[in-house]
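Here the structure comes first, spelled out in structure tokens, and everything after it is commentary.
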Amino acid sequence: MSTPFKMERGVKYRDAAKTSIIPVKNIDPNQELLKKPEWMKIKLPASSAKIESIKNGMRRHGLHSVCEEASCPNLHECFNHGTATFMILGAICTRRCPFCDVAHGKPLPPDPEEPQKLAETIQDMKLKYVVITSVDRDDLPDRGAGHFSECVKAVRELNPNIKIEILVPDFRGRVTQALEKLKDNPPDVFNHNLENVPRLYKEIRPGADYEWSLKLLREFKEMFPNIPTKSGLMVGLGETNEEILQVMQDLRDNGVTMLTLGQYLQPSRHHLPVARYVPPTEFDIFRDKANEMGFEHAACGPFVRSSYHADLQASGGLVK
């Protein structure tokens, strides 16, 4: 009889060590992968001085960016523009979603000094718009909502003119309690990603629930009707276009006015494979449909991610 796998606290488990313990076994690391089309090939910028400056600034304050931890394909572009999405509550997630490159494991307790460190780093970077996200923290009674609130408070106190977008987890089973924690320090934009279609949730988002996520977006909007809510989806995981359109309609029915839609990319052979590459023309169709549904801002394109050019999208600019 094999010995049960035991995780050590504070250790990052990635790739096979992470996805091998997912109940739904649907990943074959030896299968042939789809070839990337030309439109999915990125030309990296020549200069990396700005990139290293941002990385060093985060290391200096002991902070993390989701750009690095999730291996975002837009890292070079965003860092070269002096923007980044900060990831609070550590870099170890209590979930093990097989599309995501963020490490799984038993996280360390939240750093009580992180809100102040975050505020000072943002001040040093002279940011006017910031996105703050986090790993899932199912180990915490409030799922990390109180820490989010403290971070928003600290950032505003030191940067009074800044616009803050928070990209939150689903606060598993604690939606009402989490929103109570957030109400004293609300953001300028509230973002929570549905990621994909409900039919594929068991494979793509183990531990999550489609209706929970809609409830979170709906209840925040009811609490703060004047603050825009936002959500993001990935395509290329086996869903149909009709299913994506239905999710978009569900978002509108629950008060969401900002949408991001991008191509899923496989972080490693131990993650879910890409089922198809969606051409740019189809993303244009999705954007047109989103506009017809009443989304005020819809960023749709192969490289769009939930916080990609978030400042531009929030101000009404075209992102694709």
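Every residue gets a Cβ built from N, Cα and C, even glycine.
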Site co-member for [4Fe-4S] cluster 1 according to Swiss-Prot, given CYS67, CYS72, CYS78, out of SER268, SER307: SER307
Nearest-integer angstrom distance between the alpha carbons (Cα) of CYS97 ([4Fe-4S] cluster 2 binding site) and CYS72 ([4Fe-4S] cluster 1 binding site): 16
Other C-beta atoms that fall within 10 angstroms of the C-beta of CYS78 ([4Fe-4S] cluster 1 binding site): 21
CYS97 ([4Fe-4S] cluster 2 binding site) in three-state DSSP notation: coil
All-chain count of other Cβ atoms within 10 Å of CYS72 ([4Fe-4S] cluster 1 binding site): 23
